Amino acid sequence: MTEIIDGDAVAAQLRADLTGAVETLETAGVTPRLATVLMNDKQASETYVSMKQQDCEEVGIAAEDVRIDPEASADTLFDTVAELNAREDVHGILVQDPTPDHVPDERVLSAVDPAKDVDGFHPENVGKLVGGTPRFKPCTPHGVQKLLAHQGVDPDGAEVVVVGRSNIVGKPLANLLAQKAAGGNATVTICHSHTDDLAAHTRRADVVVAACGVPELIDGDMLSGDPVVIDVGINRVDADTEKGYELVGDVDYDSAEAAASAITPVPGGVGPMTRAMLLYNTLAAASEQTGVAVALP
């Protein structure tokens, strides 16, 4: 019988385990603080920021919400980030996507102090990750690693197919899983929109990670040998519901569940883990900046 990987439950346990690190910091006179900068008026971003704040409050991390008018200049955003960089009481900084079109994405990635870049996307931190000495593992890839570990899946020697090559999930996850380290040593194939015969790759995989942003692309016919299926996607599609839509992943859940040994649902799979790993990185950042050693799960 296929096992449903409950990301909500795993994330809840991780948050509980993180409270020890918070207590260690507090005992040393350090209140870990995460500042989130929001420069858009999208409801999805508002909801996500609110959920992050609730997570912070649950474990004892101070959450600071900084809002900037989407019509403001790009310099307004960068000046705000510079002020947060300079504050010793702020340990983690997150600029919530998306930012307005007039704000250069590459400049946003480079604006946050690498030591406070808890998303792990600053070029310096990307380089450290690729070099095998990550300061912060990007939240979603790290969350996927934690889910696999919770499931008892050791990537060492496994065939892993990552469908998607984004800088946020696909590429960093492939790098993490291939590294010569715990949670790595997998043989990783990255597939994407130009891959010929995608199913030929997914059918030979022990683990399939779907992170391509295409609703229900991966179905049961594309799986073989009872793989573990991790669905990173979350897509809003039209549906005959009260809201007029429903959320689906990049995996056709019903058919894939029948062909998999274990699978993550959408929602309630990877999403909660992404938020939990943001807390993890914030505590790691606070520890690094203050010199207070903490034990992280």
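Cβ coordinates come from backbone N, Cα and C, glycine included.
The feature NADP(+) binding site is assigned by Swiss-Prot to Gly164, Arg165, Ser166, Ser193, Ile234, with sequence analysis given as support. A 10 Å cutoff on Cβ-Cβ distances gives Gly164 (NADP(+) binding site) a total of 24 other Cβ atoms nearby, all chains included.
Considering only the binding-site residues Ser166, Ser193, the Cβ with the fewest other Cβ atoms within 10 Å is that of Ser193.
Reduced to three states, the DSSP call for Arg165 (NADP(+) binding site) is coil.
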